[in-house]
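Annotation comment: TrEMBL describes 1-34 as region 'Disordered'. TrEMBL lists 165, 175, 195, 197, 258-269 with the feature substrate binding site. Per TrEMBL, the feature active site, nucleophile maps to 267.
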Ligand code: G7M
């Protein structure tokens, strides 16, 4: 979808609010904010009681008055230890729900500043964004090296899912003040930045991504021993930067690549080991240290081996595998 300058400006305003204004002192002004109160909810795309999240498809009126699609993700944030005593002292109400012997449950109503909801906005959202967040049946695919060449690669090349946000980070056009570490080498360097799923207010759900400066590596499938210096830099320098910045040791980090990724530009996930991050399960995550080992053993390892990954029922790639009789 072509993006109008005003929509782009709005989007950039919104993305500022993905940051951690409190931590970095650059809170976006309300004037630039997404008009949440004007959002007409069209559909609940997905919700999770366990993760305390809800994904909404809504519309707001564009300049011409027609509805422009938006995805709004609301997520209750984890507790922050340093706020707990405030929360207990300054609650506005404690409402008894039930009591039985020594057991009782209450509803506690905290003041607004201790009751925040992380809000992520994709606006304007394309049909692909809506599909991405819609709850779907999931199928496992086993993709051989040949399947990749014949089915997945042509499909990826025919797609236009924009990775402009990645280039914006690499070119310091967005999120520049959030960069934690950079190795500027164009072939072996990368940028380490908080993932936008993490608000940086607590370490329990620490989540950063390392984005390679090299622009020609789409995914795990493209990696050969030629890329070992880049991968080793990401592993070692990434761990070092996180230790320095957040005092979290490498042994407390899960460092991995997704296959398939959502965005075909090489990036590596760094999450807290104790955090069950979305997409860290065995059918999607490949530990970076294992990837390095495999490439040291065989430069063509990821071109040769079969890779398993999940695809949602509505994903066009699943249809391609089904048409080829492979799913
Ligand atoms: O599934 P995949 O390996 O492609 O993961 C991409 C990661 O990039 C996810 O963890 C997203 O939360 C993260 N991400 C996506 N966008 C659009 C942004 C963004 O604009 N900024 C940042 N910092 N992270 C993003």
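Glycine is no exception: its Cβ is also placed from the backbone N, Cα and C atoms.
Sequence-distant neighbours of residue 195 (substrate binding site) (same chain, 6+ apart, CB under 8 A from its CB) are 207, 208, 209, 269. Most Cβ neighbours within 10 Å among the recorded positions 258, 267: this distinction goes to 267. Counting only same-chain residues at least 6 apart in sequence, those with a Cβ under 8 Å from the Cβ of residue 266 (substrate binding site) are 211, 212, 214, 217, 218, 219, 222, 223, 230, 257. Residue environment of residue 165 (substrate binding site) contains 17 other Cβ atoms, counted within 10 Å of its Cβ in all protein chains. Taken residue by residue with DSSP, residue 165 (substrate binding site) is part of a helix. When the binding-site residues 260, 262 are compared by the number of other C-beta atoms lying within 10 angstroms of their own C-beta, 262 comes out lowest.
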